[in-house]
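Feature annotation from Swiss-Prot assigns active site to S693, K736; the stated evidence is sequence analysis. Summarising the annotation, Swiss-Prot assigns ATP binding site to G368, P369, P370, G371, V372, G373, K374, T375. Under the heading domain 'Lon N-terminal', Swiss-Prot lists 18-216, citing sequence analysis as support. Positions annotated as domain 'Lon proteolytic' by Swiss-Prot, on the basis of sequence analysis: 606-787.
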Amino acid sequence: MTDTGREGLQNREEGFELPLMSLREVVMFPRSIVPLFVGREASIKAIESAISDYGKKIFLVAQREPELEKPGPEDLFEVGTVSKILQLLRLPDGTIKVLFEGLYRARWDGTADAIIGADDAYPRVRVTRIEQESSEDDDEALVRATHEALDEYGKINKKLAQETLVAISALSDAARLADAIMPHLKVDYRRKQELLEVESGAERLEKVYELLQGEIAVASLEKRIKSRVKNQMERNQREYYLNEQIKAIHKEMGREDDPQAEVNELEARLAEKSMPEEAREKALREMKKLRQMPPSSAEYTVVRNYVDWILDLPWNTLKETEIDIDNARSILDADHYGLEKPKERILEYLAVQKLVNRLKGPILCLVGPPGVGKTSLAKSVAKATGREFVRLSLGGVRDEAEIRGHRRTYVGALPGKIIQSLKRVKHNNPLFCLDEIDKMSTDFRGDPSSALLEVLDPEQNSTFNDHYLDMDYDLSQVFFITTANSLHSIPLPLQDRMEIIRLPGYLETEKRRIAHDFLLPKQVEAHGLAASNLRISDNAVLEIIRSYTREAGVRNLEREIASVCRKAAMQVVEAGDKEKTLTVSRQNLGNFLGVKKYRHGEREDTSQVGVCTGLAWTEMGGELLVVETALMPGSGRVEITGKLGDVMTESAKAALSYLRSRSDLFGLRPDFHKEIDIHVHVPEGATPKDGPSAGITLATSMVSALLGIPVRNDVAMTGEITLRGRVLPIGGLREKLLAAHRGQIGKVLVPRENEKDLKEVPGEILKGLEIVFVDHVDEVLPQALMAQAESIFGGRTQSTPLYAKLRKDAQDGGATMPTAQ
């Protein structure tokens, strides 16, 4: 210890230096002896320094916030207690047990400047002793009243040792009496700190007396409660003893099956179960019925099953969920390749739920063709949010009772599938995937889609009423995700309750990536092969996609890869060499999968009159659609074949009406159609086709046939036509452009209003295509027909019919005329 420090210990006015140790939720009072466990490194260093350099004296002060591990000067109170270390015991875990004796109050500045040696392992501060005011004569009444209150408190609180009471009763000084009583009162450490800072002994004792009176009131109440509980327990024990005697009597009489025991068990379960008051009251009423029924009656079993259902449901049981956006994004990316927009929308939804901390919001509906990952995406969302995953298939459901349950009046009645699933998962906040919601149907038993209106309405599903339960059940904590292949069969009111997220079909590039990264490793492992046993080239995978599957998803692609793996496994086993390596290329793919199953539309080999290439959208993706028009002598009949739907048939009629209305523009007589028959055919006649987007394709094919001008075979088009020749926007542009790219089309004519949709088309597809935006058929024909634009629309004189001139242009092939590629 320094000389300055020794002088400081004797100079109370100027203050003296001591090590400081902060306490958590403990306030040290003068003349009190308290054992403390010390584990913080700075506190241990302060104690060691106090023993070696400061005569075992240390300054103990309480923290304002006990959670802080390393409190700063501003985190400590200014008033503490100079204490002496009486005993120290080091424990095996590195902590120490120290016995402190409080000596007197002291104060420090409570600022960073007051700390001496701020860089040391423990703080040292300069403290000033707080002098104690002397007691006055009129304090005697307060001291006597406090002694009486302490005696009363000691009679109620048996935890207070008799020796402690005797020692305290010998004190007559107000200040010392207050300091002696305070450590034994159950009050918050902040309240104790307030009393420590009171310098007047009489004032401090008065506050202690008030606290003592409050503790007496609380202790008296606790005593009454304990007495009441004890009496209740004695009464319960007496009832238990009598019930056991009754059981023993039944056993002696050979009646071991006591029906009341079963009801008692149900009542015990009910007492432990957390549930709404309505459900509890209903269960109690049903149990009263059970007590009055003979177990052999049929009604007894019905009531017993009903009570079991009430007790088994997770009314208020919620599973801990955690929404971590980064983790959710990682899970979605790991489980699904592509699908960026759907995944982004799901992450946005989860982010909102994390901020508002409630689930009330839109119900998500994932719409897309089969095999694109709708159900597995819902499963990944459950995994990302930590919820139980429940899948309920609605395909073929036609009975409303499947959703709402049967009324108890029916034999074998049960709750609906939703309540049954909640009982199975034992939590009230799972993720519910209502699969194939578009496959429900209606019959005389009701409309299940109407029952779902309540389930999928965030404003109503907190009071979902199942017919079997016949009471409200809260579904607002359930995360609902529905899936569908199409929205056409979903009623509009049900659609209105859901937020639609569309999952488009995969592009070929995405399928190829999915095959290499997900499907191939999965199937290789499933078939017992090593990764080195089988190698499939990119071209082979692309050939499988194009020639052996026709789908928007990847289910059939996985089946074909599994077939390749089976063939490979057979060859490895037959060769008897587990290290054998098989390479599948485009050339030998047929050895594994046989002949090709499908052919995708490709462009025509040559440019022909009346043959025009259009673009179509199907659930399996985009396709090239060839339209053929033939003319023959006749009486004006129009024949349309190829299994076309009503909309496509009407598009053909609209295209023909447009041509007739502008016959003079093309150099045709107004009554040209009366002398010929027009036959429009769309090949692959067994395949149904419909939709308005083939309008300009039909019109171009007819113009080509009427004028005898070939249509360029490297041009494809899509767009709806009006009677005025306007070109209207279409859907599925992404898939249609993929089909054009795959079919080696060079130029695609697209409605101008679809220009905004190009943002969703991958750049690798656009790179090989020339996209031309059109507003009118007048812009389509010069791009598609093998003649100059002036040749089609330039001549209007009757002396030189355009029909003959354009045919001559097409046959001669002028230098400025586009050539077919």
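Numbers run from 1 along the shown chain.
Yeah, the Cβs are placed from backbone N, Cα and C, and that goes for glycine too.
Summary of the ATP site environment: with the site residues G368, P369, P370, G371, V372, G373, K374, T375 set aside, the chain residues having Cβ atoms within 8 Å of the Cβ mean position are L366, T483, N485, L503, A552, G553. Candidate recorded positions: T375, S693. Fewest other C-beta atoms within 10 angstroms, T375.
Proximity of V372 (ATP binding site) to non-local residues of its own chain (separation of 6 or more, Cβ distance below 8 Å) is seen for L339, L503, P504, G505, Y506, A552, G553, V554, given in sequence order. Classification of G373 (ATP binding site) by DSSP places it in coil, neither helical nor stranded. Counting other Cβ atoms within 10 Å of each Cβ, the binding-site residues G368, P369, P370, G371, G373 show the lowest value at P370. Between the CA atoms of P369 (ATP binding site) and K736 (active site) there is a gap of 15 Å. In the three-state DSSP scheme, K736 (active site) falls into the helix class.
Counting only residues at least six positions away in the same chain, the Cβ atoms of L615, A616, W617, G622, T718, I730, V748 sit under 8 Å from the Cβ of K736 (active site). The Cβ of K374 (ATP binding site) lies under 8 Å from the Cβ of L366, V367, G368, T483, L503, each on the same chain and at least six residues away in sequence. Between T375 (ATP binding site) and S693 (active site), the C-alpha separation comes to 31 Å. Taking the Cα of S693 (active site) as the reference point, the closest of the binding-site residues P370, G371, G373 is P370. In the three-state DSSP scheme, G368 (ATP binding site) is classed as coil. If you take every residue in the domain 'Lon N-terminal' (18-216) and average the pLDDT, you get 84.
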